[in-house]
Amino acid sequence: MATSLRITGLVKEYRAGKPVLNGIDLDIAGQGLTAIIGPSGTGKSTLLRCINRLIEPTSGEIVLKDAEGTVDLARVRGQSLRRARRRIGMVFQEYNLVERLTVMENLLTGRLGYTSALNAWMRRFDPADIERAFQLLDTVGLAGFADQRADALSGGQRQRVGIARALMQRPQLLLADEPTSSLDPKTSVEIMELLTEQGSVNGIPVLVNIHDVELARRYANRIVGMSGGHVVYDGDGKGLDATMLKTIYGGESWLE
């Protein structure tokens, strides 16, 4: 069953009367990479964090439907929320690795949602999970790095670990919050290629918040442009002409 995500009337206010997200409506269905672009402060990261319930939406619906069932992520609580979040992989801008742990240990944290508190505390993991972790390290180009500490890795290597950790969850939906913002151009391309490839291989939608319009054009089959907490564009890269980019970002100096 293909994964679908339906967002309806999503609002997020950090201060009353000043919404960061102002009535977002968005449907994501089937595999493929969707890029979210827009200026800083327009709510791109807030949107992804609402989907994964790292922050609480103020109002609206976030309905995830996949092989495990249908759940409104905006309303679910407690153990039901814990189970729902297992279905969503998240790749973070600043990697969000445990620096003192090895690469292998960081990957295995992606299975904590499936592991008892005692086994997690004792660092006891299923042999099948360990085997999968080694396979994923090979997939992301880090074979042989299992025993290296995370703080010994380059930025690109850390992001690859972050992607592998997200895939350890066997997610039905993969979110990536500015995954290339701290990387050089060559590594940024490699990370986008990896996200696109893994979305296709695993048959899941990938939703990427990205600041680089050209990378979005190159890899996304769908681009969502946000401005002022609203969706102002939803289409492919061909529709992102100078007029539309001005609508999304405001001004023209950045186009020169």
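Placed from the backbone N, Cα and C atoms, the Cβ positions cover glycine too.
Taken from Swiss-Prot as is:
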- 5-253: domain 'ABC transporter' (DOMAIN)
- G38, P39, S40, G41, T42, G43, K44, S45: ATP binding site (BINDING)
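Looking at P39, G41, G43, the binding-site residues in this record, the fewest other C-beta atoms within 10 angstroms of the C-beta turn up around G41. The most densely surrounded of the binding-site residues S40, T42, S45, judged by C-beta neighbours within 10 angstroms, is T42. Reduced to three states, the DSSP call for S40 (ATP binding site) is coil.
The Cβ of G38 (ATP binding site) has 25 neighbouring Cβ atoms from other residues within 10 Å, across all protein chains displayed. Using the Cβ center of G38, P39, S40, G41, T42, G43, K44, S45 for ATP, the list of other same-chain residues with Cβ within 8 Å runs, in sequence order, T46, M226. K44 (ATP binding site) is surrounded by 25 other CB atoms, counting those within 10 A of its CB over all protein chains shown. Under the three-state DSSP scheme, S45 (ATP binding site) falls in the helix class.
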